[in-house]
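For reference, the structure is listed below as structure tokens.
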Amino acid sequence: WRYLLGTSRSSVTRCKPGANCPSSHSGISRQLSPLSVTEDSSAPILELQSRGSSGVCGHRVERQNRSGDDGTQTHPENSSQENRIKARCLSCTSMVLKAVWGLLIILSVSSSWVGTTQIVKITYKNFYCPFFMTWFSTNWNIMFFPVYYSGHLATAQEKQSPMKKFRECSRIFGEDGLTLKLFLKRTAPFSILWTLTNYLYLLALKKLTATDVSALFCCNKAFVFLLSWIVLKDRFMGIVAAIMAITGIVMMAYADNFHADSIIGVAFAVGSASTSALYKVLFKMFLGSANFGEAAHFVSTLGFFNLIFISFTPVILYFTKVEHWSSFAALPWGCLCGMAGLWLVFNILVNVGVVLTYPILISIGTVLSVPGNAAVDLLKQEVIFNVVRLAATIIICIGFLLMLLPEEWDEITLRFINSLKEKKSEEHVEDITDSSVHLRSRSRANGTVSIPLA
């Protein structure tokens, strides 16, 4: 026993070869070394194991430390992989949601525009006052900002007061907000262009069918590119689309053998598309790119300007009997409210769709109004599609769709074709090399077989 006690107290231990070593010397050295807890968190465990007589080897502790180190190294890798998977899932879900919203907005935009056009045609049967209808529907734009603010209250986490939100969105007019000078300077030209666009569109609907007018109005995309090339000095890549739009316009007039009403209707529709294009180009030049709140504020401001300063025009037309009606009770208020409501819905969807989904889908929804109006006109038997009218409609729609391509679509197409050619050439070279190797192997095999045995 004394001998055993003496050996346990000494700093040197004797171990048989192949036996487990208690490693007491390592425990004593750890007790004497000034290591803190943060430097080595397993020091108390090592002290207990060195003091005990169970004969546990320090190799297990080293394995535990190594496994802990490996765990700390593998844990960030696993977490990074999980973050990547989550990011991919979020991006996929966002793309799916955008696609779903885009499909719904495409259908809503096309149906609202078709509904507006068809209600105007129905209203003309008993009531023909196009400027009064334009003025009445433009006044409904005042409700644009209240609709936007109600959506803000329903969706935003930090809700703002109406005046604070109004002042925030009025920055579209400048840093000082909306002043009387800016109200007259910035709103007047846009209000005139807005009124002219809608008024000429309604005049065209009196002379032409809804299908022809909606197809001709799609030329505004080509006019936007032309004006951007002239006014904003942007790069113009829509020469083919512009030529197709002009060709479709001429063919549309030729469809009725250049009849007087047909030519006047085509002129009204092209004028509406031109003023719409000028409105968009000037908006981009003076006001820049606005968000949804600023666009809602601006459209509501146009409605206030129309109510205050343009209300005298329908009054003058009424007393001069240019647009006269017997009494206000005789007005088709149902058709007028339906037309104005659908027009407001169309404008809201165009601005909301840019936020919720891809802007290209809004343009696709606009061009889909052409086949929608054509289907309704065929059901009502108001239009007979001859070859010229059908070709003109298809040419205008194709030109409109060409405008949706990116600016460098020709270079991208050439690069794609060249890449396909390079891949085919590489595959052809690989096939040639494989066939040559196969022929060589066959010749070698035939050579070995044809050598006579000695």
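Residue positions begin at 1 at the first shown residue.
Placed from the backbone N, Cα and C atoms, the Cβ positions cover glycine too.
Copied over from TrEMBL:
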type	residues	note
COMPBIAS	59-69	compositional bias 'Basic and acidic residues'
COMPBIAS	70-81	compositional bias 'Polar residues'
REGION	49-81	region 'Disordered'
TRANSMEM	95-115	transmembrane segment
TRANSMEM	127-149	transmembrane segment
TRANSMEM	212-230	transmembrane segment
TRANSMEM	236-255	transmembrane segment
TRANSMEM	262-283	transmembrane segment
TRANSMEM	295-319	transmembrane segment
TRANSMEM	331-350	transmembrane segment
TRANSMEM	356-376	transmembrane segment
TRANSMEM	383-405	transmembrane segment
Quiz item: With pairs closer than 6 in sequence left out, are the transmembrane segment (383-405) and the transmembrane segment (236-255) joined by 3 or more CB pairs under 8 Å?
Solution: yes
Quiz item: With the transmembrane segment (331-350) as the reference, which stretch in 95-115, 212-230, 295-319, 356-376 has the largest tally of C-beta pairs below 8 Å?
Solution: 95-115
Quiz prompt | Long-range environment of the transmembrane segment (295-319) - Cβ separation under 8 angstroms, sequence gap at least 6 | solution = 129, 131-132, 135, 138-148, 166, 169-170, 172, 178, 183, 187-188, 190-191, 194-195, 287, 325, 347, 351
Quiz prompt | Paired segments the transmembrane segment (383-405) and the transmembrane segment (95-115) in contact, 3+ CB pairs under 8 A | solution = no
Quiz item: Can you name the far-off residues of the same chain, 6+ from the ends of the transmembrane segment (356-376), with a Cβ under 8 Å from a Cβ of it?
Solution: 98-99, 101-103, 105-111, 113-114, 117-118, 209-211, 214-215, 218, 221, 349-350, 383, 385, 393, 396-397, 400-401, 403-404
